[in-house]
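Okay, so here's the structure we're looking at.
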Amino acid sequence: MALLRGVFVVAAKRTPFGAYGGLLKDFTATDLSEFAAKAALSAGKVSPETVDSVIMGNVLQSSSDAIYLARHVGLRVGIPKETPALTINRLCGSGFQSIVNGCQEICVKEAEVVLCGGTESMSQAPYCVRNVRFGTKLGSDIKLEDSLWVSLTDQHVQLPMAMTAENLAVKHKISREECDKYALQSQQRWKAANDAGYFNDEMAPIEVKTKKGKQTMQVDEHARPQTTLEQLQKLPPVFKKDGTVTAGNASGVADGAGAVIIASEDAVKKHNFTPLARIVGYFVSGCDPSIMGIGPVPAISGALKKAGLSLKDMDLVEVNEAFAPQYLAVERSLDLDISKTNVNGGAIALGHPLGGSGSRITAHLVHELRRRGGKYAVGSACIGGGQGIAVIIQSTA
């Protein structure tokens, strides 16, 4: 076994994902985490007093209270003030990383029950002004910086994230047509799963205000199930002439959060929790920043090797859909079985709120694996700057 102790998922919930500037735009990342965490505590019948640690992933730190995020989430959901909290940032892998950190705390017996999660409000990413605190003269031309837009460029290699995906398209000979067809598949799979109610077990509905008054939001807002291939083919490439990445085949800018509660085997017995899945293992790897999207390849390979398993053992595989060519490069490199990979659509359809996606993917795999009667699943994400992260779970159903 890859972990030193048995670690189990006892609850896994996520909010619906809101479109950029959509129904969730007025909720901070802290608010969104609170919704997910409350739902997870309730679903797992976990008393806040039993939680030993709170670990939340968040990337953009977009709200004024963001530096307190994990701490505020813990206090808001009733976890005792004596219980410590930690906010972490491994970019797009932050939701997964919260679970990794939680496993580590449990394995070294620093904690028995950990509230993990990831969250992002990309709609609330502020405009900011740099280098004006000192020496700014009267009448200076103040330049506003879009913190969301600039964050999507890796300054170390001077490449926007989309261009790292274009690099993979060239390297793996991936065509624009293949990218659009994959994007359409993501939308169609999301629609089929949503219509069938496959997201119900993971979803934590939110009450939102609209022009028509208050309503309950329980469906991902970003998805465009009516999309056609013809519409996708008409969209212009965003970053490169004759490129492959368009607004239609890239992950959606979104708002949302997820929460995953993990517990040691001892805690499961002591508190009579119902284990939904076991955390089998995890792996984090670095890769070339100019093709950061290939990160899931070494991450999945490393996690499988540590666990003594193979891709053939996996009943479900999730690779976060940052960009269609990025996903397709991973699919080709690992020779993934498309019948069990991203089976209910992914971030191209429902959006990618940076810190929230790892928690969303984990929650989905936990419930989908049980629904299908499968045994093993692996979830993964590429990470800006050139990294990959993967977590393997085993159903306990």
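Each Cβ is built from the backbone N, Cα and C atoms, and glycine gets one as well.
Within the list Thr30, Thr50, Thr119, Thr362, the entry that Swiss-Prot describes as phosphothreonine is Thr119. When Tyr20, Tyr127, Tyr198 are compared with the annotations in Swiss-Prot, the one labelled phosphotyrosine turns out to be Tyr127. Between Ser121, Ser359, the residue that has phosphoserine written against it in Swiss-Prot is Ser121. Between Ser140, Ser175, the residue that has phosphoserine written against it in Swiss-Prot is Ser140. Residues Ser147, Ser301, Ser333, Ser380 are shown; Swiss-Prot lists phosphoserine for one of them, Ser333. In the three-state DSSP classification, Cys382 (active site, proton donor/acceptor) falls within a strand. The DSSP secondary structure for His352 (site 'Increases nucleophilicity of active site Cys') is coil.
DSSP assigns Tyr127 (phosphotyrosine) to a strand. Of the recorded residues, Lys209 (N6-succinyllysine) and Arg224 (CoA binding site) place their C-alpha atoms 22 Å from one another.
Looking only at Cα atoms, Thr227 (CoA binding site) sits nearest to Cys92 among the recorded positions Cys92, Lys137, Ser310.
If you check the modified residues Lys137, Lys143, Lys241 against His352 (site 'Increases nucleophilicity of active site Cys'), none has a Cα inside 10 Å of its Cα.
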